[in-house]
Amino acid sequence: MMGKMRKKWVWLIPLIIAIILWEVIAIIINDPSLLPRFSMVIISFYELAIKGYLHPDISMSLYHFGIGLLAAFCVGVPLGILMGWFKKIFILLDPVVELIRPIPPLAWIPLIIAWIGLTHHAAGFIIFIGALFPIMISTYTGIKDTPKVLIDTGKVLGCTTDLKMIRYIALPYSLPSIATGTKMGMGVGWMCVVAAEMFGVSESGLGYRLFSEFYQWNQLDYVIAYMLLIGIIALILDRLFRYFVEDKLFKWKKGIVK
Amino acid sequence: MSRYLVLDKVTKIYDSNNEKVHSLIDISLEVEPNEFLCVIGPSGCGKTTLLRLIAGLDTPTTGKIMLDGMNIDGPSPERGMVFQEFSLFPWRNVLKNVEFGLEILGFENKREIAEHYLSLVGLNKVKNKYPYELSGGMKQRVAIARSIATNPSILLMDEPFGSLDAQTRNIIQDELLKIWEIEKKTVIFVTHSVDEALYLADRIIIMSRSPGRIIEEIKVDVKRPRERTDPTIVKERYRILKLLGVEIKKIANV
Ligand SMILES: Nc1ncnc2c1ncn2[C@@H]1O[C@H](COP(=O)(O)OP(=O)(O)O)[C@@H](O)[C@H]1O
Ligand SMILES: [Mg+2]
């Protein structure tokens, strides 16, 4: 029993060590404009919560994130399916994809502001660019990797059209891969939130607050509190996705990937 | 109802990296309704190709394949196939795998039919399991149930028991014969086991080394249930092994 308990909580050890180190180093440096103490960050966090920043900021960021991720999913999955199934479409689109993919989402900002102005959708677009490619590429990889014998089986059992073969065979086979891509897309998309809110599409949001207020005010403790908050939210999103989506889709894969 | 299958001078040449691979040469063959035909030959001689052509998954380079006088044009649920590799849909449980063809074809009582065929292969009790939870023998039983659920007139089987242990293999052979007798289907069964062919077939076709031609046809006139040590079977076994031995030696000498 003791052993089990210990195993369950070992992840806390490096965390606690890191916090203690941080606190000690901050005390030695003794300059909050370089490194605020951990305890100070916790207090700041509490202050921010009382001032009522957290709720609007988190909701606004999740809103931007939601727009971007939803758009990335709705564009990435169908495009990925088409590219994975129809070789001709792959040959046509692949160069375009590989050209656009390496462009950092940040580089799109001027263009997007010119196109759609300082709106929530502009922030959504940055996140969309970040999340699109992981989703799209995992989708077409999954579709393309569908074992030939499964497709042949489907043909023999009456899947006569491409639509039927995609719907009944390639797509269900690719779902775990699409889920993994979506999870990666969520990760990249969330990382884009700060950048997306930096240029002032809204008067709230984690990125807006962190960059346009806390940083301008030289409140490094607030900045770090929000950095931690961004990390924690990403962690929660990841766990929720794993629990509600991935584990269910991966159930049948046990025998294949272990 | 089973139907009359005719292959007329069928040749298949694959184009692989701009190199022409002759897979089958000049195969002519007639298969009677309800016949149990076994095809045997050295590895790579085109047995899988032959089944794929009949299934409609590939088209002959020259020659014709006809069912009741009609040219075969693409795959159809009237020609079921059990593949050499495991081919269950891993995301569907056993029942849903067997329902697959019925679902595509829009059967309303798909559950009922699927359960009927599952009990025919003795697997109704594992109907909610997923493929990864099944043994090799169970997987192939499910594949058989799935391929006959849509009631094809011809069942194409590509070394379906090749990866099973000897004991499972013997049991499943008897099950297959039982199903064949109940369901009245034409079966074309590819195997590399002479014993298996002699136990199952009405007629055996022996193919040459690649590119495959038919070099011999043997009628197995032994009443079922057969003894694996029946004198006729033992005699034929010797003859087939000799024929195959010559073909395999030819491969070794190339
Ligand atoms: N899709 C294909 N493309 C190119 N060559 C193929 C293809 N399928 C089979 N072949 C070739 O045809 C020959 C017969 O193959 P196959 O029918 O699988 O033999 P068997 O099932 O008797 O072992 C082999 O030489 C093989 O390499
Ligand atoms: Mg083969």
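The backbone N, Cα and C atoms fix where each Cβ goes, glycine too.
What TrEMBL lists as transmembrane segment is A:9-28 (among others).
Cβ atoms under 8 Å from those of the transmembrane segment (A:34-50) belong to residues 19, 22-23, 25-27, 219-222, 224-226, 228-229 of the same chain, restricted to positions at least 6 beyond its ends. Positions annotated as transmembrane segment by TrEMBL: A:34-50 (among others).
Sequence annotations record features per position, and here TrEMBL assigns domain 'ABC transmembrane type-1' to A:58-241.
Beyond the transmembrane segment (A:62-86), the same-chain residues lying 6 or more positions past its ends with a Cβ under 8 Å from any Cβ of the stretch are 93-94, 97, 120-121, 123-128, 130-133, 135-144, 162, 165-166, 170-171, 174, 178, 181-182, 185-186, 189-190, 192-193, 196-197, 201-202, 205, 233. Annotation source TrEMBL lists transmembrane segment at A:62-86 (among others).
Counting same-chain residues at least six beyond the ends of the transmembrane segment (A:106-133), those with a Cβ under 8 angstroms from any Cβ of the stretch are 63-65, 67-69, 71-73, 75-76, 97, 185-186, 188-193, 195-197, 199-202, 205. The transmembrane segment annotation in TrEMBL covers A:106-133 (among others).
Sequence-remote contacts of a segment are chain residues at least 6 beyond its ends whose Cβ falls under 8 Å from one of its Cβ atoms, and for the transmembrane segment (A:184-202) they are 60-61, 64-65, 68-69, 72-73, 76, 105-106, 109, 113, 118-120, 122-135, 138, 208, 210-212, 230, 233-234, 237-238, 241. Under the heading transmembrane segment, TrEMBL lists A:184-202 (among others).
Summarising the annotation, TrEMBL assigns transmembrane segment to A:222-241 (among others).
Note on the transmembrane segment (A:222-241): residues 36, 41-42, 44-45, 48, 54, 57-58, 61-62, 179, 182-183, 186-187, 190-191, 193-194, 206, 209-210, 213-215 of its chain, located 6 or more positions outside it, place their CB under 8 angstroms from a CB of the stretch.
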